[in-house]
Amino acid sequence: MRNRTYTADAEPGDTVTVAGWVHEVRDLGGIAFLILRDTSGKIQVKFEKDEMDDDLVETGLGVHRESVISVTGEVDEEPRAPTGVEVTPESLDVIAEAEAQLPLDPSGKVDAELSTRLDNRTLDLRKDEVKAIFEIRAEVQRAVRDKFRDLRATEINTPKIVATGTEGGTELFPITYFGQEAFMNQSPQLFKQLMVGSGLERVFEVGPIFRAEEHNTPRHLNEATSIDFESAFIDHTEAMDVCEAVVTAAYEAVEENCQDELEALGLEEEFERRPRVPAAHLRGGHRAHQRTGELDEQLVWGDDLPTEGEKALGEDVGEHYFITDWPSEIKPFYIKDHDDDETLSTGFDMMHPNMELVSGGQREHRFDHLVAGFEQQGLDPDAFEYYTKMFKYGMPPHAGFGLGGERLIMTMLGLENIREAVLFPRDRQRLSP
């Protein structure tokens with residue numbers, strides 16, 4: 001529609017054509033109102049029955065909610081209208097009529113279960129508060145990309161179909177690839193490292209990852225967005241500095257540019273009090289264990305921290321924090337050990353009080369040590385020859401991390417289920433839409 005005006009741009013005295021969805025119709029007798037909604041907001045359309053063509057009034061008042069219409073008319077100032085202006089229609093065209101009975105109420109007046117919402121995601125996204133989540137998600141991705149570019153990182157796109165898993169194990173989706181066995185990539189980790197060795201030195205990626213894990217919880221997905229960073233000539237402490245800077249940039253961008261969306265979610269005041277920059281570094285996974293209260297008796301050095309332990313630590317610390325110096329035996333083969341203590345790795349996790357957000361560390365850049373790491377974890381180095389051979393050609397020291405995109409949005413906005421942060425989530429039960 002060449003001459004269409006967004007509702008937010010309609011000014012008193014203008015003659016405009018606005019188009020969008022019928023949000024609400026109210027018939028008050030001699031006068032009636034239709035609320036039209038587009039991506040920029042809403043506008044009131046006024047029908048004065050005694051002064052308007054009967055067919056125009058009948059069309060406007062008879063159209064079903066969520067039908068797509070266009071309205072041409074003059075914009076008048078009206079302080080009592082939801083946005084302070086209203087349109088007196090000269091014409092109204094029904095572009096696409098919606099059914100009278102909808103599977104859920106986009107106005108939000110009638111609650112729906114999450115499963116119903118996800119089954120009808122297109123309708124669900126017409127709610128202001130749901131749309132706001134994805135406007136914020138888009139702003140977060142813009143902000144992290146800008147921050148990485150400020151740090152002189154180059155954006156890359158790595159393969160999502162691979163011959164071997166990044167970390168081995170069973171969390172892989174196998175596919176048939178022209179008669180060969182292949183998998184959906186569970187992480188861009190190995191390719192990030194190859195790009196560091198290529199001379200690009202500092203790279204990042206915002207892209208999908210696939211994990212065939214059995215967890216089916218409010219914070220797990222089988223397809224997720226990973227925000228990845230890798231850089232030459234830095235160690236794990238400098239990678240943590242970058243991690244802090246990126247998460248902080250995301251929060252600051254949302255606070256600065258998404259006030260309308262935060263208001264739609266009821267977070268305009270609460271958001272400012274949410275934790276943002278890591279305030280505590282728990283040096284040594286064993287010292288993290290010591291702060292888990294009654295659970296400490298159940299934890300054994302070398303074990304990963306269970307969900308209950310994460311929650312106990314979150315309650316104790318109260319804001320974002322790092323756990324560092326994890327036991328080497330529970331970290332992947334590419335994580336470098338400390339030079340002065342091979343039982344401790346340079347791996348780190350960045351935690352929100354409610355869950356893990358980031359996993360990272362310094363990488364093993366020495367070929368012999370890398371191959372030994374494969375063997376210690378029962379992996380065949382020959383299966384990763386495309387990766388390991390680069391370490392014979394001059395690989396610089398490097399470090400990096402992967403940040404869960406949906407988990408960042410979930411914790412930032414206080415969402416109860418990670419699926420609310422995904423347009424069309426994929427989990428163990430959901431493959432459609």
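Note: Cβ is positioned from N, Cα and C throughout, glycine not excepted.
Some features that Swiss-Prot has for this protein:
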type	residues	note
BINDING	Arg211, Ala212, Glu213, Arg219, His220, Leu221, Glu356, Gly404, Gly405, Glu406, Arg407	ATP binding site
BINDING	Glu356, Ser359	Mg(2+) 2 binding site
REGION	189-192	region 'Aspartate'
SITE	Pro82	site 'Important for tRNA non-discrimination'
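Shown on the structure are the features that Swiss-Prot records.
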residue	record	CB count, 10 Å
Pro82	site 'Important for tRNA non-discrimination'	15
Arg211	ATP binding site	21
Glu213	ATP binding site	15
His220	ATP binding site	18
Glu356	ATP binding site	16
Ser359	Mg(2+) 2 binding site	19
Gly405	ATP binding site	24
Arg407	ATP binding site	23
Predicted model, mean pLDDT over the region 'Aspartate' (189-192):
97
What is the separation, in Å, between the Cα atoms of His220 (ATP binding site) and Ser359 (Mg(2+) 2 binding site)?
15
Could you give the Cα-Cα distance between Pro82 (site 'Important for tRNA non-discrimination') and Arg407 (ATP binding site), in whole Å?
35
How big is the gap, in Å, between the Cα of Glu213 (ATP binding site) and that of Ser359 (Mg(2+) 2 binding site), rounded to a whole number?
17
Whole-number Å distance between the CA of Ser359 (Mg(2+) 2 binding site) and the CA of Gly405 (ATP binding site)?
12
May I have the DSSP-based helix, strand and coil counts for the residues of the region 'Aspartate' (189-192)?
4 helix, 0 strand, 0 coil
